[in-house]
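According to Swiss-Prot, the protein has these features:
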- THR56: site 'Part of a proton relay during catalysis' (SITE)
- THR57, ILE213: pyruvate binding site (BINDING)
- TYR119: site 'Part of a proton relay during catalysis' (SITE)
- TYR145: active site, proton donor/acceptor (ACT_SITE)
- LYS173: active site, schiff-base intermediate with substrate (ACT_SITE)
Amino acid sequence: MSTGLTAKTGVEHFGTVGVAMVTPFTESGDIDIAAGREVAAYLVDKGLDSLVLAGTTGESPTTTAAEKLELLKAVREEVGDRAKLIAGVGTNNTRTSVELAEAAASAGADGLLVVTPYYSKPSQEGLLAHFGAIAAATEVPICLYDIPGRSGIPIESDTMRRLSELPTILAVKDAKGDLVAATSLIKETGLAWYSGDDPLNLVWLALGGSGFISVIGHAAPTALRELYTSFEEGDLVRAREINAKLSPLVAAQGRLGGVSLAKAALRLQGINVGDPRLPIMAPNEQELEALREDMKKAGVL
């Protein structure tokens, strides 16, 4: 049974309130490193202490390894040690993920986000071998990303217990939402547990979660930090108020998808990070107007 030491150590490496940061592009579709620096500095200035780069919202499927590393190095230079930088290195190819992990470690990542292999649907033993190979490749702490809605398979509870025994696996980003199973796993494994689904941010804190890896945090970084702080200080009334006020952003994310929501929200706030790469579409004018109204309701515009 864990004493909670792992969770404490995990938070030291992965922070408490973060976002899966967008990858900015120019009008021609090339990566925009200057805009990447700008948005990273903005988010950290507004209270976030961790940034996931090249995750789902960072359009990892449609960015190259070179682009991922260029952005990581630039953001590291921009924010210094003011925030933890977590590099998304998960793919459905173990060899590729190992190579990305090694490169991210050399580029200065504080942690690695490793998603469940998607499309190929490996067995649980395959997951153990996959995550184990990545964990053995570097000494950089790992946050597992459990998101069966995208990957097609979950990390089952027994698999999670076995993975928690590996010394560099310290955290989980949960976008599965099995609250009953996770309540036991948080206690048993001591892994730092992060909300990977904004509708459940406050719920995860109540169950012993360590923080958030958010999408709506692009639009509301200060409010998200205040939500976390209010809960930690025992002001549950205020935490509930903030959570409720942010609900229009959660609804907008459900309509638009995370990438489109995050990029459009930043643009409406005066930070241009370009459009998503295909096949993800930018919001049309009607969708953009609805988002503008949702942001006003949430008090972020």
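Glycine is treated like the rest: Cβ placed from N, Cα and C.
The Cβ of TYR119 (site 'Part of a proton relay during catalysis') has 9 neighbouring Cβ atoms from other residues within 10 Å, across all protein chains displayed. The residue listed as 'active site, proton donor/acceptor' and THR56 (site 'Part of a proton relay during catalysis') are 10 Å apart (CA-CA, integer value). The distance from the Cα of TYR119 (site 'Part of a proton relay during catalysis') to the Cα of LYS173 (active site, schiff-base intermediate with substrate) comes to 19 Å. With the fewest other Cβ atoms inside 10 Å of its Cβ, the least crowded of the recorded positions THR56, THR57 in this structure is THR56. According to DSSP, LYS173 (active site, schiff-base intermediate with substrate) sits within a strand segment.
When the alpha carbons of TYR145 (active site, proton donor/acceptor) and ILE213 (pyruvate binding site) are compared, the span between them is 11 angstrom. Residue pair ILE213 (pyruvate binding site) / LYS173 (active site, schiff-base intermediate with substrate) shows a Cα separation of 7 Å. If you take the Cα of LYS173 (active site, schiff-base intermediate with substrate) and the Cα of THR57 (pyruvate binding site), they are about 14 angstrom apart, rounded to a whole number. Note on TYR145 (active site, proton donor/acceptor): other Cβ atoms within 10 Å of its Cβ, all shown chains, come to 28. Counting every protein chain shown, the Cβ of ILE213 (pyruvate binding site) has 31 other Cβ atoms within 10 Å. Cβ neighbours within 10 Å of LYS173 (active site, schiff-base intermediate with substrate), excluding its own Cβ and spanning all shown chains: 28.
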